[in-house]
Amino acid sequence: MTRKYQRVLLKLSGEALMGDLAYGIDPTIVQAFASEIAQVVQAGVQTAIVVGGGNIFRGMKGAAAGMDRATADYIGMIATVMNAMTLQDALERMDIPTRVQTAIAMQEVAEPYIRRRAIRHLEKSRVVIFGAGSGNPFFTTDTTAALRAAEIDAEVIFKATKVDGVYDSDPRKNPQAKRFQTLTYSHALANNLGVMDSTAIALCKDNDIPIVVFSLSEPGNIYRALMGEAIGTLVGGTCEVS
Ligand SMILES: Nc1ncnc2c1ncn2[C@@H]1O[C@H](COP(=O)(O)OP(=O)(O)OP(=O)(O)O)[C@@H](O)[C@H]1O
Ligand SMILES: O=c1ccn([C@@H]2O[C@H](COP(=O)(O)O)[C@@H](O)[C@H]2O)c(=O)[nH]1
């Protein structure tokens, strides 16, 4: 397969990294994702990754249990660094050069986030994994993905998650929900389609960055999506139900 894109940003669900476990990281799953990412990189696609933290800690849950929200969010951001380092390890075992850059300084384990440096790594075919979200509480890793994609001039964001696209309502709650093949940013925002938070979608809309939402449950989907095969739902097109 020949590549469609030169530079992409992959938002990898934290929750997906736990596989069938109730919590944490399943190394077999991480290895499987890494092997698909390796193939994409070998095909010449400059790949940046933002990884979530939902398999370890979500600030909202901490706050719901009575914690200070900002403190809980910082814990969530630190959780994403564990996922970023796990992914780095899996990729490097496949001889794929990587750099983890964090938005909260952790210089003993990762580089600080420096935009120009991240771009240089990508130009040298290194996978750049952005950890610690945006470094700011009250945000999400989806918003981080939109922000970093704009900063590094990525052509597209791939949101790799548990659902196979964007539906007209949450498919986990409504079995009758209809899946979109494509939809506009405005439709996603106006209808509060919860697959990605509104801050992330608004940032993509303002910067004209398409978002492809696809499922991680089918092996090979990361490779297919990042190489440019039309899977999942494209946010940033016209409205079409599949
Ligand atoms: N309209 C919708 N279409 C598709 N999914 C939706 C919709 N509304 C809500 N969802 C939910 O959005 C979830 C995916 O987004 P979510 O941000 O929770 O996970 P993630 O970003 O993949 O994980 P993590 O936060 O761990 O990185 C799905 O589990 C799905 O049930
Ligand atoms: O910019 C950010 C990114 C993330 N957080 C916190 O981290 C957790 C995990 O991220 P997910 O996007 O939910 O996977 C999130 O719940 C926030 O608590 C943040 O504060 N700022």
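Each Cβ is built from the backbone N, Cα and C atoms, and glycine gets one as well.
Annotated UMP binding in TrEMBL involves D73, S134, G135, N136, P137, F138, F139, T140, T141 plus, out of the candidates G53, G165, the residue G53. Only G53, from the binding-site residues G53, N136, T140, place their Cα within 10 Å of the Cα belonging to S13 (ATP binding site).
Checking the binding-site residues K11, S13, S134, T140 against ligand 2 with a 6 Å cutoff on the Cβ atom leaves S134, T140, in sequence order. When the binding-site residues G53, G54 are compared by the number of other CB atoms within 10 angstroms of each CB, G54 has the fewest.
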